[in-house]
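Novice: Pasting a structure below so you can have a look.
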Amino acid sequence: MISKKVVLPLVFSAPFIFFFVLCIVVVMTISRENQVGDDFIGGGDGEYETVGIAPEVERFRAVFEKYARQEGVFDQVNIIMALTMQESGGRSLDIMQSSESIGLPPNSITDPERSIEVGIKHFKKVFKQAGGDVRLTLQAYNFGSGFIDYVKKNGGKYTKKLALDFSRLQAFKMGWKSYGDPSYVDHVMRYVKGSDKNVKPVKGSMDFYETVMKEALKYEGQPYAWGGSNPETGFDCSGLVQWSFAKAGITLPRTAQEQHGATKKISEKEATAGDLVFFGGTYEGKAITHVGIYVGNGRMFNSNDSGIQYSDLKSGYWRDHLVSFGRIK
């Protein structure tokens with residue numbers, strides 16, 4: 001028999017236990033939301049494949065992947081390795097030339113893995129500041145983050161002209177003959193092959209596919225815009241799908257969940273270019289939280305936290321969250 005002396009503390013502690021458990025749940029929820037919103041940058045540049053990467057850089061691929069995954073920019077690995085080719089070509093121990101990003105003199109870092117760790121942290125920081133715009137990220141990696149502010153004040157989108165103007169302006173301010181490399185983006189992109197802006201016919205694709213993709217590709221590289229559904233506001237995932245399909249005379253509902261309900265479910269083997277692909281768990285919300293346009297060969301075109309771009313469905317984040325494929329009824 002339990003005495004009153006013992007029972008009373010147990011009874012009165014129950015509310016405190018409940019409150020304690022509730023606090024833990026709230027903290028875990030907030031932590032998850034922060035992870036999705038801040039630490040993970042989904043999607044990325046699965047359309048980019050490396051070209052001409054030197055063996056001195058390629059041998060560190062596993063290291064690049066390790067820290068890119070750790071920083072939430074795994075889908076940018078090929079871009080980061082292309083950047084490294086431009087920075088050092090693998091001919092320096094400070095392989096990503098990242099010493100200056102932590103306030104050290106050039107080439108202070110003498111361990112390639114440390115250089116990659118620091119360089120990818122810096123890349124991730126700049127990538128977020130650039131809103132997922134890969135070209136703006138690359139140029140800012142060379143110029144410094146001040147270039148991002150300059151672009152935001154001058155149209156909000158990277159152009160080669162802005163890079164040239166910024167270089168001249170900074171050189172004048174500093175009293176130097178030149179400032180940075182205004183052609184840095186071109187120099188990095190030599191080492192990757194990416195998507196073709198011209199939509200090519202895909203065997204077995206839906207009749208409307210070319211019209212849809214011709215419209216969608218107009219916005220490639222633009223940042224993700226929560227709640228956006230037109231060119232003026234920018235696009236979120238379902239907004240891009242709805243807008244692009246409307247250009248082919250196809251009316252779709254607004255949200256990813258609703259678009260999922262408006263399509264006929266098909267298997268991955270049945271899926272062809274022009275079908276939709278749906279995902280769950282990309283943030284705390286409904287069962288279906290993301291949608292993309294399937295383009296064939298295990299890839300989709302979509303608007304995600306990394307911007308409007310192609311993404312790989314074969315492995316990684318999107319594979320883990322894939323729910324189903326759908327065909328327009």
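Glycine too: its Cβ is placed from the backbone N, Cα and C atoms.
According to Swiss-Prot, the active site, nucleophile annotation covers C237. Residues annotated as active site, proton acceptor in Swiss-Prot, with sequence analysis given as evidence: H290. The active site annotation in Swiss-Prot covers N302. The domain 'NlpC/P60' annotation in Swiss-Prot covers 206-329. What Swiss-Prot lists as region 'Muramidase' is 59-192. Annotation source Swiss-Prot lists signal peptide at 1-29.
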Novice: DSSP says what for the domain 'NlpC/P60' (206-329): how many helix, strand, coil residues?
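Specialist: For the domain 'NlpC/P60' (206-329), the helix, strand and coil counts are 32 helix, 41 strand, 51 coil.
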Novice: Among the active-site residues C237, N302, which residue has the largest number of other Cβ atoms within 10 Å of its own Cβ?
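Specialist: Output for this query is N302.
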Novice: Quick one: pull the CA-CA distance for C237 (active site, nucleophile) versus H290 (active site, proton acceptor), whole Å only.
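Specialist: With the alpha carbons as reference points, the distance is 6 Å.
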Novice: Given a separation of at least six residues and a C-beta threshold under 8 Å, show me what packs close to the residue listed as 'active site, proton acceptor' in the same chain.
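Specialist: Set apart from the residue listed as 'active site, proton acceptor' by at least 6 residues yet with Cβ under 8 Å, we have C237, A256, F278, F279, G280, T282, N302, N304, H321.
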Novice: Calculate the per-residue pLDDT averaged over the domain 'NlpC/P60' (206-329) and state the result as an integer.
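Specialist: For the domain 'NlpC/P60' (206-329), the model's average pLDDT rounds to 92.
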Novice: Based on DSSP, tally up the residues of the region 'Muramidase' (59-192) by helix, strand and coil.
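Specialist: Output for the region 'Muramidase' (59-192) reads 85 helix, 1 strand, 48 coil.
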